[in-house]
């Protein structure tokens, strides 16, 4: 990234910070499951002249003039999403996955309605009815969890709670669950109690697009997704459905219900990312993401670490650190010293607060974008294991420094996609 040739930019410390962040990304292993690297084309679209344009409303129904090309940009993003996921109706205006979920709630629910989602401790998301989130404050939220032994979603519990509480909306999907979802059974349960089914595929949308993860489209009334994470696009959200009636309600919930002007530069970047995901090489990428995650989880288990559910079907894994007597905050800190970025994550029955936790979440999407393969992830798993088992020893600093050098050497072989 070169910022030369502009006097104001050269004198602005902001751009020095951007360069430093680029160096951090280049020479670190990004294992945060919700992060990825956007292509130069995505970055260019997001930094384009569309930043300058207001466009409240929808295709051919804008509240501002000068939207001829804006309409075409948004329609391009919509048609690409329709083609990619097979959905009849797509709204690409949500600023984030959280606002996509909020729009669904606004469209389908009334304050005080019952909703049923996955517990945050078991891998759910804040927007699925957490008491600290708007979804938990405005609605009467109930939560299902995972089996304490297998770590898998307890579908019998889902059914029991649904039959007892008869929620208006059931939510499938989460932010820290490493296995497939039984969308068919979620659908049967929803039908049995007269509920609608929302699938939040923010994390695995790219894997669905690549044909490597089951699609919820045949089962869900409505689907929300993010366009970054495994889709490798800009930070943003979208909503998909095959129901024309719901689509109309959702459009009204986004605008004018929640948002004003859409971020057209971001929608353009979404169109780029969706176009990239339609290419044959994206299927290969999605498959590599899963292969890498499975190789990493398998090696971590062989080294004696405890993986939630014993492994993964997707791009992420969850390590339970309680057997080592460590916290997620500790492990996150020491891994970052070695140039490996992860995030602490709460677990079922976690005695630690969310700022500390007893687990960490790891993901393969970002490093797969750089071209890393299963052998690289096996090596990365060895480094993670070595650090975890050394944290309580006096030579942890030396071990982190040694692995930091190895990380730098490995990342040098895999340039960032925007370089």
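Every residue, even glycine, has its Cβ placed from backbone N, Cα and C.
Database features (Swiss-Prot):
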{"type": "BINDING", "residues": "120, 124, 125, 126", "note": "(6S)-5,6,7,8-tetrahydrofolate binding site"}
{"type": "SITE", "residues": "228", "note": "site 'Plays an important role in substrate specificity'"}
{"type": "MOD_RES", "residues": "229", "note": "N6-(pyridoxal phosphate)lysine"}
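Structure coloured by features recorded in Swiss-Prot.
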{"residue": "120", "record": "(6S)-5,6,7,8-tetrahydrofolate binding site", "Cβ contacts under 8 Å, 6 or more apart": "126, 128, 130, 143, 346"}
{"residue": "124", "record": "(6S)-5,6,7,8-tetrahydrofolate binding site", "Cβ contacts under 8 Å, 6 or more apart": "117, 118, 130, 143, 171, 174, 175, 177"}
{"residue": "125", "record": "(6S)-5,6,7,8-tetrahydrofolate binding site", "Cβ contacts under 8 Å, 6 or more apart": "101, 117, 118, 173, 174, 175, 200, 202"}
{"residue": "228", "record": "site 'Plays an important role in substrate specificity'", "Cβ contacts under 8 Å, 6 or more apart": "34, 35, 36, 38, 234, 235, 236"}
{"residue": "229", "record": "N6-(pyridoxal phosphate)lysine", "Cβ contacts under 8 Å, 6 or more apart": "33, 34, 35, 36, 202, 203, 205, 206, 365"}
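Those residues of the chain, other than 120, 124, 125, 126, with a C-beta within 8 angstroms of the mean position of the (6S)-5,6,7,8-tetrahydrofolate site C-beta atoms are 117, 118, 119, 123, 127, 128, 129, 130, 133, 174, 175. Counting every protein chain shown, the Cβ of residue 126 ((6S)-5,6,7,8-tetrahydrofolate binding site) has 16 other Cβ atoms within 10 Å. Under the three-state DSSP scheme, residue 228 (site 'Plays an important role in substrate specificity') falls in the coil class. According to DSSP, residue 126 ((6S)-5,6,7,8-tetrahydrofolate binding site) sits within a helical segment. Taken residue by residue with DSSP, residue 120 ((6S)-5,6,7,8-tetrahydrofolate binding site) is part of a helix.
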